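Feature annotations, courtesy of TrEMBL:
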DOMAIN    552-602  domain 'Cationic amino acid transporter C-terminal'
REGION    422-441  region 'Disordered'
REGION    633-653  region 'Disordered'
TRANSMEM  36-58  transmembrane segment
TRANSMEM  70-90  transmembrane segment
TRANSMEM  102-123  transmembrane segment
TRANSMEM  171-190  transmembrane segment
TRANSMEM  197-217  transmembrane segment
TRANSMEM  229-251  transmembrane segment
TRANSMEM  272-296  transmembrane segment
TRANSMEM  316-338  transmembrane segment
TRANSMEM  366-385  transmembrane segment
TRANSMEM  391-412  transmembrane segment
TRANSMEM  522-542  transmembrane segment
TRANSMEM  579-600  transmembrane segment
Amino acid sequence: MARWLPRSADLTRFCQKLNRVKTLEDDMMETSFNRCLSTIDLTLLGIGGMVGSGLYVLTGTVAKEIAGPAVIVSFIIAGFASLLAALCYAEFGARVPKTGSAYMFTYVSVGEIWAFLIGWNVLLEYMIGGAAVARAWSGYLDSIFNHKIKNFTETHVGTWQVPFLAHYPDFLAAGILLVATAFISFGAKVSSWLNHVFSAISMGVILFILIMGFILAQPKNWSAPEGGFAPFGLSGIMAGTATCFYAFVGFDVIAASSEEARNPQRAVPRAIAFSLGLATGAYILVSMVLTLMVPWYTLDPDSALADAFYRRGYSWAGFLVAAGSICAMNTVLLSNLFSLPRIVYAMAEDGLFFQVFSRVHPRTQVPVIGIVVFGVLMALLALIFDLEALVQFLSIGTLLAYTFVAASIIVLRFQQQKVDVPAQPAGRQPSPEPGEGPNAGELKEYESFSDKLQLVDRDKSKEQREPGQLKAAFEPYLEFLSDFYPGEVVTVAVVTMMVSAICLCSILVFGNTHLHLPTWSYSLLLVLFSLGFLLSLLLIWAHEQQRSTQTFQIPLVPLSPALSIVLNIYLMLKLNYMTWLRFAIWLIIGLLVYFGYGIWHSKENLREPKAQRVSARYVVFPSGSLEETVQAVQPSAQPAAGLPHAHADESKR
């Protein structure tokens, strides 16, 4: 029986495969894409990705069915939570200017399987986002022609009565996606030019909506006889917040396009800040105008803004809003079709997805195969699925990506910088041993003995501690943590913090409603999990961070990412159980793809046989002497003879 059980060494190697991180190139500006996008291009790309989908789709849906006029508060909370996530994306986009967005950020800091699952969910997020907006685009165009397109389709094609599917096939939505796919295939410059045109029209329509809407505003629509400002209470506001996250996925488009930015270190953070600020202001003001023009319970979820003007007697204004909203939704379609193939390209380039999607057209410098394949898949989703079912499923993928990116920021800040090591001049430390010159490229795998000689100097070691090491002020109180490798305690603390956050949010969401906990146990569990979260946060803060770099860095680390993690997990738990069920099914499909293809074709997997994993630990004794202990982590058929200064189980005194 025992012979069928895996050995501990095999399990260790398997876990190492799952959690291996991506090795970055020395020159991260080198790319097969065309770096042609400026800060304005990225900002308009982000605005186009956010303003349009949320503004013309979610305002009416959330106001009527979930939150009422308090949709304004839902957008404020969603905007604040998105700001925390956006700052994390901005730091990563500036430091790692590679396409892939949340997938790439997780791969370089947390591990391979987590990166694949994030990329797998972001992939679905963009497909659903494009399909949902295409159906909304079709609905607005249909409203201009008094729903003649819908009536014609139902009469001549038929209707369906199947849960989660549309009542009729939307050929118009599928058609616009195929047309947008054709334009995206021409390259980044053509896509950016089209986005500029549609974004300008969209912003003009928004200004018209605000001016005309405040003129027609009636404060009585927020009064108690009409249901009040928050008819669904705090629970409705928070449930609306989770759904409103769909409106803020646009800044993720900016991060996914960083490999085509001219100066990503400056352009990506600025574009994210500008686009998110403008979009949040637009959502709040338009939601206010919409719920003041007509009672919230009479809104048409499919075309709320245009219908509100029609019902107030301004049919010409409703026609203008519907036409402008179509232009705005065109920018969202372009943003989704622009980003999705690039994330697929990043996964395929790393070997985790099918290699055919990593091919870049030599003339247009875009992944044409990925654009065409996933454009067709988007069209099929828009053809048969219901808009509300698509939007509900979208939020959970976005929130999960935000959570992992926030955790990745903490892990990255407390890791030693591996990318810059080979580029450092040799004169920075004492001269290396003669045998070390040819093996300079192995500094990512091995730390030289001479690099640790500075530990003997107590004063210098306290002043110049490596990232991930315990701060000097906490050594007398947490001396037992000094034996761990730099960053090891932080990684464990991040996992503990996330588990505590999940438990804490579960008690807040389900404690009184589903679990029916008595007051004393409810309060006790809240205190215990809150203490676990705060202690993990303090333990992370007690370690050294990476020093300031020339690129953008999110302030107040680890507090800001930790708040983002808590908010995202809370909003995920507010989604209904059917969303979680569909999400679990999609994750299972993703795991089958990873273990069937990705884990075997990963480029990191191909690199492993070329280098022997060796870990070295140096201990400073009270006498000032230095002892070096070398342990083989992965056994090899040959002894570690290539190491110039390290021998197994050797000690130097």
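Including glycine, each Cβ sits where the backbone N, Cα and C put it.
Automatic, uncurated: that is what TrEMBL annotation is.
Taking residue pairs at least 6 apart in sequence, the transmembrane segment (366-385) and the transmembrane segment (171-190) share three or more C-beta contacts under 8 angstroms. Of the recorded ranges 36-58, 197-217, 316-338, 391-412, the transmembrane segment (70-90) has the largest number of C-beta contacts under 8 angstroms with 391-412.
Under 8 Å from some Cβ of the transmembrane segment (102-123) lie the Cβ atoms of residues 17-22, 24, 88-89, 92, 96, 252, 255, 340, 343-344, 346-347, 350, 352-353, 374, 397, 400-402, 404-405, 407-409, 411-412, 415, 583, 586-587, 590-591, 593-594, 598-599, 602, 604, all in the same chain and six or more residues away from its ends. Counted with DSSP, the domain 'Cationic amino acid transporter C-terminal' (552-602) comes out as 40 helix, 0 strand, 11 coil. The transmembrane segment (316-338) shares more Cβ pairs under 8 Å with 197-217 than with any other stretch in the list 197-217, 391-412, 522-542, 579-600.
Annotation: stretch 197-217 has the most Cβ pairs under 8 Å to the transmembrane segment (272-296), among 197-217, 366-385, 391-412, 522-542, 579-600. Cβ atoms under 8 Å from those of the transmembrane segment (36-58) belong to residues 129, 132-133, 136, 140, 188-189, 192, 195-196, 198-199, 202-203, 206, 243-244, 246-254, 257, 260-263, 266-268, 270-272, 274-276, 278-279, 282-283, 286, 303-305, 325, 328-332, 334-336, 338-339, 387, 391 of the same chain, restricted to positions at least 6 beyond its ends.
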